[in-house]
Amino acid sequence: MLSLGSVGAKSTKPSFVSYVTPEEIKLEKEPPKKLKHPDLLPGEVEFCSANPILKYTQDDLSQRGVFGTLFCTNFRITFISDEKSQEETIFQGIAHHCLEEKSLKCVFAFSYTGTPSPEMQRKRETILFDSPEDWTQEMKRTKANCRLVTENENFELSQRLPKYFVIPSALGDLFSYQGKGFPIWCWSHYSGCALFKASLPPVTQEDGDFQKHFDIMINAVAHNYLYSAKTEDLSESLPTIQDIQQSYNKFKQFFLIENSTDFWLSDMKWFSSLESSGWLDIIRQCLQKAVEVVECLEKDNTNVLITEEEGTDLCCVISSLVQIMLDPYYRTLMGFQSLVQKEWVAGCHAFLDRCNHLHQKDKECYSPVFLLFLECVWQLVQQHSPAFQFSETYLTVLSDSVHMPVFSTFLFNSAHHRESVLKAESPLAQSSPLSCPTVWDWSVQFDSKAQNYFFNPLYSEKVKHEKAVRKPHKLKHQRQLSLPSTAFKTPFKKGFFKDETDSLKKMLRVKRLSRWMGSPDSTAAISREFYESWQQRPLDYHGLLLPCLDGPAVRVWMQRYLRWIPEVHILGGGSVAVMTKLMELLSQVQDLKRVLEQRDSSQAAKPDHRPYIQHRLLSFGSSGRLPSSFPFAYSRNRSFKPIIPTGLMQCLMLTDSLASQEDEASSFVSLV
Amino acid sequence: MEESDSVESLCSSTTTRSDRSSGTRVSDTELRSKGRAIEKVYKDPSKGELPLLPEEHVQDSAKDVTYICPFIGPVRGSLSVTNYRLFFRCTDREPVFGLDLPLGVLSRVEKIGAATSRGDVSYGLACKDMRNLRFVHKEPEDSLKKSVFEVLMKFAFPVSNNMSLFAFEYKQVFPENGWKVYDPLAEYKRQGLPNESWRISKVNDHYELCDSYPAALVVPVTITDEELRRVSSFRAKGRIPVLSWIHPESQAAVVRASQPMVGQNGRRCKEDEKLLQAIMDANAQSHKMFIFDARPSVNAAANKMKGGGYESEDAYQNAELVFLDIHNIHVMRESLRKLKEVVYPNIEDSHWLSNLESTHWLEHIKLILAGALRIADKVESGKTSVVVHCSDGWDRTPQLTSLALIMLDSHYRTIRGFQILLEKEWLSFGHRFQQRVGHGDKNHTDADRSPIFLQFIDCVWQMTRQFPAAFEFNEYFLITILDHLYSCLFGTFLCNSEQQRLKEEVPKHTVSLWSFVNSQLEEFVNPLYVGYPSHVLFPTVGIRHLQLWVTYYIRWNPRMRPQEPVHQRYKELLAKRAELQKRVEELQREAANRTASSSSERAGSPTRSITPVQTFV
């Protein structure tokens, strides 16, 4: 049996297994001489190929496969069937390109020469936050009162910092902290208070320096609005990135299922296995922390500063979640993409290291932090689907795209890294940097029909009722201002503030979020109250959105994890059934509209003939019954047979006396 | 904001909206819309504003009762007991807190501990719908006066106190008579029966052959009534193999029965063997037949000791016996009890999944669904007739047959079709509702009680989750059925058999649940229903795809409640769908008009979707 281990993990189950031993393969006929070639993408180079290769289907027990050629290119492996032994070559090829360490230069993105599509126009597209205008615009949108820093344009402040970023206007000298410990503005609440994130200040010889720096940081944040701030050190209260990695590795194993027997055996202990991985618990903790931050912003109108060693991992998770919960804009497709750009891409999340694109063997920095964020978003989407313009399919596709080494989006460790590599790799050195498509140019991957699956047909569009929307906001704002807890309404003199930070800090409501909350138990109780009071209010899909975090409410992202397992495909069922029906209806309307429009102006749309990278997302055809795994796994010829569990008896060996009792208690009393 | 109601006021009010049409009670939706839904309030002269049903009367009431709510803590208010339900109302808190539950839901009422020094007595009320309530009340000083809880005990268990159930007093008139929903002959006619192989026998017209079976039985034409009588002595409780459903194309039949009385000596019955052979012969497509014994094989074998057992392969040639490993009523009762412990009142988040696993509830659901799936598969894919039985054929058997029928026949996935299915497979074939639920009976430890029907509804719910567009009814329909399984407001689920219901004249003296349901169908319609008339549904039975029915089992926990009542969303969706359909029609009409006007050009049909060049799956 030839098998390949799963990427990057050590003692894990193989995720790729050959179903037959070489001896079982019988060559039935002479292979035709003519060799076919795959349609290569621009820049894609064929490394090796093997022929004939027999391709088996997992759920087909007939032990018959399809003959063909397996190609390995610098981008993918691809199988082309021809109804016509170099296994080792091909396996070496795969192993070499999937498992071995490689340099960034070898990543396919640098060979890919597909041109960015002409549709990719700035106007209505994702905001990339790579220009000062984007940031100014965002500050204007949220009515933030902060300062845009352009001094790092050439990475003079620090290579770890974004090119442009926003800080509290009260923060003075920028150059003394080796690029660390800036409170970086994330988002402003309509009340004026804002969320900031920061890496921890550099630790110097003297403890006092750290403290002093920290105080300046907090005071700058507090100065933003009403002189109140809370801080939260995420590395203290949330799992470390290694914990996240370990838990995910464990969790992932449950979905690498070799065969039907394995499936039904593991089915019995499904719930306790899930629990033991701790993955759902990590998701719950992140959402919980985000809710706590939301509470500070929304209920107490306090500035919040979240910190972490580097400020680019869990800070990104929490700040993005907070923004999704508070700001309906980020629940639209474009808004969400802009958020990922703002917090993650421009925010310098170390994608290259965290995703381990280079297959480095013993690096500790590998951790699915971004996936964790998507998982949390999925929970929100699951619980409040009408509030989101995008669908779970979109999230699944996005999570897949992280590992598509074609896009510049998820390929670098920081803005500086991106810029320097793209410059160095440019074929026309010194003139312009290499242009890689961003992942947001979905037309590189999918045709427009497939892209329809990104949209949630049940999204409740915002009703354009300016007055109705604003009014409650105003009311809420006023009421909260009059709360007795908001003690400092009149601003202090600046001089006083600057001179006596220590004593002032005591007076100011500068508190550590977690300490202020007390023990973890009462934290849960307090945010429980916050959730409950929110839950009582009438639901507004365009207002604050909170997740329910009780045990049964946090679920497994079925579509992402179960889509390749034939045992759980529901033929003709799943949410796909509903979605397709709704989309059919919507597309009918659109088709008819188009027919009418075409009559008005007989202008035919020019078809796009560019090759698509993936066709995994299938366009829905006329077939009435799709499996629940659609649009990911789909075979037309799947026999319409139910999947009957095996080994049922083993799953419920009840030993207690009840099991042997007779149904009718009265009927055979004398005999028992 | 002022319109919104609170979690508190919701957290314990029942979702029974039975009497919505009579407009007499405050359900959570009504609280939401503050009285808009209330059409009229029956005023009881002694009690002021309680919304009462026709013939419902306040029996006693008490002020200064404290309800210990597990979610919001103690609430003080007044408590009233009528002959149908319990009201608890606290008006001096904002928002108003209310509890309103039919007495039929109670399984036990007991005093907890002795009176305190202040004369306070604590009462615990265990409910059949996954909750427990606790009240504290001052004992009346006049020892001759009965406490309101003693009155409660009397009316909560009318059967034990020689009184009649409220269903026999309730005289609401609905536009439709639900007792007419099921006509056995019409249903058999829909299936194409009788035909050349099957006849409708009158042998049980007076319930002499089998008192727990319906009057109309479908049997093979080749078997005489006399032979049926002999068979009945060989099958437990006389429950002979009769047809439940026949496949419209293949003629493969689903037949139900009870266990054969084989005993330790391997007794045989010529007529029984002939009957099964005749069932097999009625289906020309297959020379084989499957007998599904719902029990674990160990239990089936143990039954031989008590005279029962299973069909031996010697006696029944060409029949293959399959055990489905579903456990008995006692195991199910215990499993639900554990589940209640895990979900009520509080959920332990960190161990939720392993706690859930330890109840085995979903594993039982899996086994039942798996059994039904195998039956449906044999009938649909194998074109083979099947016989299904357990011990008596009135618990696991209806679970399996009715689920298999839902998979096989889209008619049973409509609202009316589902009602027919319940009336037929459960009510007419004698599922012992009175015993299993214990209507009005105070003997809460009765070993005959078991949540068999609840389990079936849970399985149906699981299927609606997997096929969200295949069922005409929504989740609220299923919850309504379960609420009225216990409420004793309607006559539908009373008694143990068709014979008993006729003897008690239940249809004459009570209202059917279907009268209520069918008079306001829009409440129960699934907006996503598209029907698939010819589709057979094969659900996925892996635990991975089963979910705990949170909106039923954990509905009392305010945190697990959807913020927006689900059926409200349903209605919005229905409106949206109607709007879209209207739009499609409009556009089609417009397009057609234009096509007519411009004759040369053909209207472009929707372009064919592009098929992918290749897939990587």
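Along the chain as shown, the residues are counted starting at 1.
Each residue, glycine too, has its Cβ placed from N, Cα and C.
Per TrEMBL, the feature region 'Disordered' maps to B:1-31, B:587-617. Marked as compositional bias 'Basic and acidic residues' by TrEMBL: B:17-31. Residues annotated as domain 'Myotubularin phosphatase' in TrEMBL: B:178-553. Positions annotated as substrate binding site by TrEMBL: B:Asn303, B:Lys304, B:Met305, B:Lys306, B:Asn328, B:Ile329, B:Cys390, B:Ser391, B:Asp392, B:Gly393, B:Trp394, B:Asp395, B:Arg396. What TrEMBL records for B:359-406 is domain 'Tyrosine specific protein phosphatases'. Annotation comment: TrEMBL describes B:Cys390 as active site, phosphocysteine intermediate. Marked as compositional bias 'Polar residues' by TrEMBL: B:594-617.
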Spatial neighbours of B:Cys390 (substrate binding site) that are distant in sequence (at least 6 apart) but have CB under 8 A: B:Ser258, B:Gln259, B:Asp293, B:Ala294, B:Arg295, B:Ile326, B:Arg396, B:Thr397
CB within-chain contacts under 8 A for B:Asn303 (substrate binding site), separation at least 6: B:Gln259, B:Arg295, B:Gly309, B:Tyr310, B:Ser391
B:Asn303 (substrate binding site) - helix vs strand vs coil (DSSP): helix
Pairwise Cα distance maximum in Å, substrate-binding residues per record: B:Asn303, B:Lys304, B:Met305, B:Lys306, B:Asn328, B:Ile329, B:Cys390, B:Ser391, B:Asp392, B:Gly393, B:Trp394, B:Asp395, B:Arg396: 21
Winner by Cβ contact number (other Cβ atoms within 10 Å) across the binding-site residues B:Met305, B:Arg396: B:Arg396
Three-state composition of the domain 'Tyrosine specific protein phosphatases' (B:359-406), taking helix and strand from DSSP: 32 helix, 5 strand, 11 coil
Spatial neighbours, same chain, of B:Asn328 (substrate binding site) - Cβ under 8 Å, 6+ residues apart: B:Arg295, B:Asn299, B:Ser391, B:Asp395
B:Asn328 (substrate binding site) in three-state DSSP notation: coil
Tertiary neighbours of B:Trp394 (substrate binding site) (same chain, Cβ under 8 Å, six or more apart): B:Ser212, B:Arg239, B:Ser258, B:Phe429, B:Gly430, B:His431, B:Arg432
Neighbourhood of B:Asp392 (substrate binding site) by C-beta distance under 8 A, where only residues 6 or more apart in the same chain count: B:Ala236, B:Lys237, B:Arg239, B:Ser258, B:Gln259
